[in-house]
Protein chains: 2
Amino acid sequence: MGHDMAYGLARRQLQPRVPLRPGEGDKDHLTSLEGLSALSLDALSSVAYGPESIVLALVVAGAGALRATLPITLVITVLLVVLVVSYGQVIAVHPDGGGAYAVARKDLGRVPSLLAAASLVVDYVLTVAVSLAAGTDALVSAFPALDGDKLAVCLAGLLLLTAVNLRGVTESARLLMLPTLLFVAGIFAVIVVGLARPHPMAMVGTAEPVHATEALGLLVILKAFSSGCSALTGVEAIANAVPTFREPRVKRAQRTELMLGALLGVMLVGLAVLIRRNDVVPRGGVTVLAQLTAGAFGTGWMYYATNVVVALVLLLAANTSFGGLPVLMSLLARDHRLPHLFGLRAERPVYRWGVAVLSLTAALLLIAVDADTHKLIPLFAIGVFLGFTLSQTGLVLHWRRERPPGWRRRAALNGLGAVLTTIATCVLLGTKFLEGAWVVVVTVPLMMLLFSRIERYYRAAGEELGLGRIPPPPRSRRSLVIVPLGQVSNVAQHALTAAMALGDEVVAVVVHHDPNKSRALMDAWNRWNPGVRLDVLDSPHRSLVEPVVGYVNEAARDGRQVAVLIPEVEPRSRRYKLLQNQRGLLLATVLRARTDVVVCILPHRIDL
Amino acid sequence: MGHDMAYGLARRQLQPRVPLRPGEGDKDHLTSLEGLSALSLDALSSVAYGPESIVLALVVAGAGALRATLPITLVITVLLVVLVVSYGQVIAVHPDGGGAYAVARKDLGRVPSLLAAASLVVDYVLTVAVSLAAGTDALVSAFPALDGDKLAVCLAGLLLLTAVNLRGVTESARLLMLPTLLFVAGIFAVIVVGLARPHPMAMVGTAEPVHATEALGLLVILKAFSSGCSALTGVEAIANAVPTFREPRVKRAQRTELMLGALLGVMLVGLAVLIRRNDVVPRGGVTVLAQLTAGAFGTGWMYYATNVVVALVLLLAANTSFGGLPVLMSLLARDHRLPHLFGLRAERPVYRWGVAVLSLTAALLLIAVDADTHKLIPLFAIGVFLGFTLSQTGLVLHWRRERPPGWRRRAALNGLGAVLTTIATCVLLGTKFLEGAWVVVVTVPLMMLLFSRIERYYRAAGEELGLGRIPPPPRSRRSLVIVPLGQVSNVAQHALTAAMALGDEVVAVVVHHDPNKSRALMDAWNRWNPGVRLDVLDSPHRSLVEPVVGYVNEAARDGRQVAVLIPEVEPRSRRYKLLQNQRGLLLATVLRARTDVVVCILPHRIDL
């Protein structure tokens with residue numbers, strides 16, 4: 001089960017979503033470089049909004065306060081180093097992968113695992129919303145005409161993702177390599193070319209007045225730090241996905257994690273230096289990254305290309321959630337913490353349901369904040385840091401239990417990671433509570449409560465169903481099959497054939513409110529003479545369902561097993577389905593709700 | 001069937017929508033006065049927008065052209081007299097009631113009846129939209145603050161109607177008497193008090209510049225006439241509903257029709273005289289009726305009260321469609337021109353479906369015209385006048401066939417009605433084509449095509465099903481019942497009991513992707529030893545459905561009757577339903593689509 005779960009979660013970013021065909025998933029194990037492009041999109045794309053959120057947090061203390069961007073970024077980079085080394089440990093200890101939920105469930109117990117699950121769900125939804133909002137910002141920087149329609153652009157992007165995922169795409173790591181490569185190359189080019197120029201080549205956006213409304217105190221610095229931590233979201237993805245690497249997979253995954261850490265660290269520091277060098281202040285209609293891009297390349301085609309690539313990569317980052325959430329939901333379902341239905345993630349309708357719920361929630365969030373990236377970031381970072389803290393803590397407990405050689409050193413490292421991420425979480429909660437973090441503080445416990453209520457229901461239901469006990473042997477009963485019919489036809493013949501095979505006794509019933517029609521049917525029946533009794537049920541109020549329900553409940557009284565067999569004409573062509581079918585389904589639904597008999601549907605196919 | 005249909009349509013305005021309880025419908029036969037309030041809402045409320053639409057059509061020729069309002073109204077009143085006398089005849093000939101669809105079907109044949117059906121459907125939808133839009137205009141006249149939110153007010157009204165009708169209200173004629181009485185009294189008071197005053201007591205609304213852009217030619221006059229004819233919509237309702245009157249019902253219905261005609265005629269002429277006397281020109285933010293009201297009563301509480309009563313009566317007029325459309329749809333279903341499902345109008349889910357479709361279409365229309373009453377009127381009047389023409393023509397053919405004493409005189413009268421309404425229809429089509437009538441010209445034939453395609457499908461399906469022929473006798477076969485199970489539990493015991501009663505042979509199957517779980521289940525099975533074989537199906541891809549479908553299709557090859565019995569845990573509490581149930585339903589759906597076996601659902605109720 002442990003393996004099972006971990007591997008499930010590990011499949012997050014790159015497995016085809018609806019694995020119905022055999023043999024798939026065997027050949028696409030990843031090299032380090034493929035792993036980097038498939039698993040680091042979420043993390044790398046954070047540089048599009050992380051540095052900017054530091055700048056926006058500092059500017060309340062005036063333009064001069066922006067000089068603090070670089071030192072704050074350096075602190076965040078130190079945290080990044082600790083996280084990357086810690087996750088190297090996680091990879092070694094959980095070579096079967098394992099998200100925060102799996103680790104917490106195994107090493108920390110019930111409540112922490114519920115906490116991890118809830119924060120992961122929040123995280124998946126927010127990844128979609130933040131990435132789309134930030135991608136839209138990048139697009140608007142390139143095409144200012146879209147400025148008034150940011151929300152519409154966001155929702156259009158979401159619609160695209162939803163449509164693609166409802167169809168069930170097969171994502172391939174190789175397909176993701178090109179945009180990832182372009183993105184990394186673009187950001188490095190911005191940094192290198194930008195630093196090489198004596199002055200920014202061009203300014204974009206509209207100037208906005210900068211007023212210092214607060215002094216550059218500890219609170220402002222903490223806020224900037226906690227906002228900037230949003231740049232670290234996504235570094236856990238590789239550790240979740242170890243089984244998707246080629247052998248030696250631990251080595252490859254660790255190498256990939258290091259590469260991700262190095263790239264992300266260099267990009268963050270480089271951008272911070274460039275922000276300082278160019279004296280960037282927030283300007284209207286453009287992102288900070290777009291300002292740096294214009295500074296490096298001017299406003300020619302490179303400017304457009306870079307912004308479009310950034311938007312594309314953010315769109316792909318949003319897409320990772322559509323792979324991850326259904327996997328998490330199926331794990332929760334198997335632990336009886338979500339409806340068991342979601343355990344059937346391989347079934348297309350179930351998967352689609354998950355996609356629809358994720359899209360709808362993300363759409364509501366985007367509408368609520370009017371597609372403003374920086375209103376979402378406080379919500380976003382908390383969930384992620386909760387996950388960091390839980391998995392680091394789990395690892396400390398793991399070391400203490402297993403005590404391998406050098407366990408103290410390793411536990412100390414993970415402990416440091418846990419302490420740092422706990423501090424970051426507390427800072428985020430403290431400084432951002434009123435700015436949106438309260439939403440997470442309210443939502444996460446509610447979800448934990450929901451999971452635990454569902455768990456309680458399933459326990460009670462299992463008790464009621466006698467799970468784990470040996471039930472009495474099945475009884476032997478005689479049976480009566482009731483066949484509701486409308487006319488004497490081939491359908492009636494088919495239905496009676498089936499009913500006679502299934503029942504010791506068979507009765508046909510017909511509901512009519514028109515005595516003439518009933519008489520005509522009775523005549524036809526007698527001419528046919530199928531050897532089965534026909535009962536005519538009167539329906540003064542034109543209801544088909546009521547008389548049948550009454551008849552069936554009456555028949556079920558004598559201790560026999562009663563079944564109602566409903567023949568349903570099934571035309572081959574989809575568009576005729578609405579013309580047939582519906583009356584029987586209506587009857588079946590009502591019978592299931594209001595009687596205890598077996599309700600049987602017999603499809604009768606016709607060639608139309 | 002004839003009676004049946006006519007009576008069905010006749011129940012339009014006042015029957016409870018979901019007649020499930022016995023004995024209803026017997027005691028609420030109507031007196032003339034009750035009939036007037038129950039059946040004339042639609043017609044009487046047209047005075048809220050009919051005269052105004054004449055004014056709006058004339059004003060393009062300048063303020064002076066408004067003098068033509070009175071003569072045009074007099075011509076429309078002549079048409080009203082002809083219609084009322086004609087409908088007196090219709091009542092005498094069809095004492096069982098009969099809408100345009102029933103009359104056309106009986107006397108005119110297939111294509112005219114399809115035309116009548118399509119135009120009636122259009123009419124029902126437009127009655128909802130026009131009445132809501134006009135009601136909103138009346139409300140906005142009283143509360144100018146709502147001016148910017150007209151569409152929202154309309155949609156809120158529609159939402160209210162939808163909610164009320166989804167719950168299935170019982171409308172009573174007596175309940176409608178008070179608003180009808182208040183409305184008629186209010187309009188008469190406006191006319192009498194208005195004419196008694198030497199000058200209008202107050203002006204409301206904002207002045208709008210009046211520029212003559214056209215001369216007062218024939219075209220403008222014809223347009224004004226055709227728009228004004230919208231005041232006649234609804235006069236057919238009484239003739240549709242003769243069976244709902246108390247005996248002597250023909251007399252009572254004719255008397256009610258005359259009362260309706262007299263009231264409507266006097267109100268129309270009175271309002272036209274007052275429009276002339278007060279030199280009314282269209283003003284911003286208020287209706288013409290509101291201007292006349294302010295002229296008579298000033299802007300005190302009487303002004304507010306009158307406008308609110310007008311809005312209320314229009315809301316109730318919109319509501320009449322929610323009673324009428326389901327009846328028409330059930331008639332069409334019985335003639336195989338709509339899915340048979342709609343024949344089950346007495347079943348709540350079917351009825352709700354009809355309500356939802358009507359609301360949605362009306363909402364789309366309101367959004368398309370931004371709740372502008374006068375954009376909808378050209379669409380509205382055409383459908384109604386088509387119905388007038390068809391029923392008058394049907395009556396002429398009836399007289400010619402039956403030849404009762406004095407039939408020539410009667411045929412001449414109905415013929416005159418038919419000619420006049422044909423002319424009105426042609427004028428409407430000709431003058432309003434580009435202003436919206438084209439929508440009707442496109443929609444009506446499309447609907448006729450749809451009805452006739454559905455008819456053709458049912459004919460072909462009947463052929464395929466051997467309807468009307470005596471089928472071969474049912475065959476005798478042996479049976480195999482397959483029971484998909486997850487665990488050894490009380491559910492399994494219940495399911496095997498039912499399966500053993502139904503099948504000559506029973507097999508249980510279980511789908512597992514985890515060999516450990518399969519072994520544990522097999523052990524429990526052997527300890528239980530229910531006397532039934534258990535087959536374990538392997539599912540490498542975690543699909544529940546695929547292995548079962550394959551197994552079932554394999555088992556169905558040997559000529560036995562195969563049934564799959566799916567036990568479904570049914571908790572008593574609604575909110576737990578999502579937690580249970582869904583997997584079995586998924587399996588049942590796929591089996592129905594992809595195999596030819598009988599799919600049986602066994603509800604297993606638990607006390608949670």
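Using the three backbone atoms N, Cα and C, a Cβ is placed for every residue, glycine included.
The feature transmembrane segment is assigned by TrEMBL to A:73-94, A:114-139, A:151-169, A:175-196, A:216-238, A:258-275, A:310-332, A:353-371, A:377-399, A:411-430, A:436-454.
Only sequence-distant pairs (6 or more apart) were considered; of these, fewer than three Cβ pairs between the transmembrane segment (A:310-332) and the transmembrane segment (A:258-275) are under 8 A, so the stretches are not in contact.
Contact count against the transmembrane segment (A:114-139) (Cβ pairs under 8 Å) is highest for A:216-238, out of A:73-94, A:216-238, A:258-275, A:411-430. In this chain, the transmembrane segment (A:175-196) does not touch the transmembrane segment (A:353-371); fewer than three CB pairs sit within less than 8 A of each other, excluding pairs fewer than 6 residues apart.
Sequence-distant contacts of the transmembrane segment (A:216-238) (same chain, six or more residues past either end, CB-CB distance under 8 Å): 12-13, 35, 39-47, 49-51, 53-54, 56-58, 60-62, 64-65, 68-69, 72-73, 75-76, 79-80, 83-84, 87, 91, 99-100, 123, 127, 130, 253, 256-257, 260-261, 264, 268, 317, 320, 374, 377-378, 380-381, 384-385, 387-388, 391, 424, 427-428, 430-432.
Three or more CB pairs closer than 8 A are found between the transmembrane segment (A:436-454) and the transmembrane segment (A:377-399), so contact between the two stretches is assigned (pairs 6 or more residues apart).
When the stretches A:175-196, A:258-275, A:377-399 are ranked by Cβ pairs under 8 Å to the transmembrane segment (A:73-94), first place goes to A:258-275.
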